[in-house]
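Peer 1: One structure follows; several queries about it will come next.
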Amino acid sequence: MPIITLPDGSQRQFDNPVSVMEVAQSIGAGLAKATIAGRVNGERRDACDIISEDSSLEIITAKDEDGLEIIRHSCAHLLGHAIKQLFPDVKMAIGPTIDNGFYYDVDLDRSLTQEDLDAIEKRMLELAKTNYDVVKKRVSWQEARDTFEKRGEPYKMAILDENIERTATPALYHHEEYIDMCRGPHVPNMRFCHHFKLQKVAGAYWRGDSKNKMLQRIYGTAWADKKQLAEYLTRLEEAAKRDHRRIGKALDLYHMQEEAPGLVFWHNDGWTIFRELETFVRTKLKEYDYQEVKGPFMMDRVLWERTGHWQNYADLMFTTQSENREYAIKPMNCPGHVQIFNQGLKSYRDLPIRMAEFGSCHRNEPSGSLHGLMRVRGFTQDDAHIFCTEDQIESEVTSCIRMVYDIYSTFGFSNIQVKLSTRPENRIGDDAMWDRAEDGLAKALTANGLSYEIQEGEGAFYGPKIEFALRDCLDREWQCGTIQLDFALPGRLDASYVAEDNGRRTPVMIHRAILGSIERFIGIITEEYAGFFPTWLAPTQAVVMNITDSQADYVQKVTKALSDAGIRAKSDLRNEKVGFKVREHTLRRVPYMLVCGDKEIEAGKVSVRTRKGADLGTFTIDEFVEILKNQVKARGLKLLGEE
């Protein structure tokens, strides 16, 4: 006779074992109709699953985050159902959920086209609208394998052979004639799966291994209702307009080409933004008392073996050989900074030492994962490493946190998600070391009044980390900043300092990055601003233009005055109508356009317009130079007249 405890503390007693759905029905028909699954003693379970012992139960509906994920997972199965009807020879691999949707990897002897996607989506909707029940059956391992062998599904058989114990009882989900295998839970009925959209097809290696066969990955999105789907598709349209690859080409910021995959060719305007970011971060390094260093981009394999990178990171490292020695191009800067620390005797009085570098790093990311500036193989980190005592951990992490928020606020990012990533399965160091490291970061977050999410097993192999994820104007999350605590690497590389008792101690090392990859951060802010960079970052801050040839000398004079004041200004003396010039430079997202006609020359002034179309009136040259200098110095986000 199980007693079921509900979220409000009330209890219901049943004479016999009872399913999640039956509990919902006992509460009310409306709740039963809305029930997708349940959370039994904190564990997600299917609506048909039986509860035979006293338990706590939360009903999961489409309004819950878990409910939406279950809908998406069930839509992946619905995709399998539909594609099997249209392409009976297709082999199904895996179909998990992802942010905002799902995908399914399939093996088909022809490339899927947009027309195929449209047909699959149409069949999915036809099937879903029949509102058929999804039937779950627990079977033996052998029965599951026999089922998929009979159905000609080699990838499902491989999953059973390699990932599931022979004593297990896998769950098979029956969608009418289609059968899939999954941990679940799934929706009880397809009435929950009416609002979806198939988006694209991409290549994906089976098990993510390039030695395996390339499969076709079908991506889709799914939502609880029509309104949510429409809003998401609208956000996607806006994201496409803001795509940094599209804007980067339109504004001539950079390009990438096949001969250098994942590596950036910076053009003048893009490199201007890059250097401005470096300059800005350097001012903060000085403010927070860092020293700037520069390490070599390549070091002997022996050093990387000592750090543990060779054993844990080799697949992502580029290597080369010379004079019978093997070298690795650095994927990160930390080992080089320890070498700098090791030069000369250090005392506890010298600590903390805060060492920063704009380090050029390379990682051999899979070609299929490369994406504009967001995922590259060569990148520059605004990296720093702090060498300190254990007693200094909390104060130093606090200083890093303040620096993170200080810098992000300059770019207008205020919605920042904080995550604490704990020890991964593949790691160096003992549990006692990891306990101290994780506790140190957690204490610093608590001391700074920050709420955070724990990401179990997501830390680096050498230490736990705090991650700072920016939420942008389209409600997307970008992980940028990190603060990592490392008790292991300094000891592996023989770093030490003389303690107060004259004994030798190993310093604690704090890894810190704020922008993360400068390349990626430029991609993020390009999309955040839609290319309308704030004045201090804009490659060209002002364009001075004439109306007729008679104003050419005056235009040059104004341009020189702006340039002499450190403002990035250009003149436009082309024989075009001024309206044409204004439109062109507006499309180029230039913050200010200065028009010089006969009236302006006579008054010794300039007429100023913004890229947003605002007419700011006339200013003397000196007035506008001073105003613009102050705006750039303040690194404000808004143009004149927008305050």
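Glycine residues also receive a Cβ, built from the backbone N, Cα and C atoms like all the rest.
What you are looking at is a predicted structure, and each value in this text was computed from that prediction instead of being measured.
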Peer 1: Can you tell which of His195, His244, His511 Swiss-Prot lists as binding Zn(2+) with Cys334, His385?
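Peer 2: Looking at His195, His244, His511, the one Swiss-Prot places in the Zn(2+) site next to Cys334, His385 is His511.
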Peer 1: Once near-sequence residues are set aside, which residues in the chain of Cys334 (Zn(2+) binding site), 6 or more away, have Cβ atoms under 8 Å from its Cβ?
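Peer 2: Listed in sequence order, they are Thr307, Asp383, His385, Asp486, Leu489, Met509, His511.
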Peer 1: So around the Zn(2+) site, Cys334, His385, His511 aside, which residues have their CB within 8 A of the centroid of those CB atoms?
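Peer 2: Here the nearby residues are Met332, Asn333, His337, Val338, Asp383, Ala384, Gln484, Asp486, Leu489, Met509, Ile510, Arg512.
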Peer 1: Can you tell which of His385, His511 has the least company, meaning the fewest other C-beta atoms within 10 angstroms of its C-beta, among these binding-site residues?
Peer 2: His511
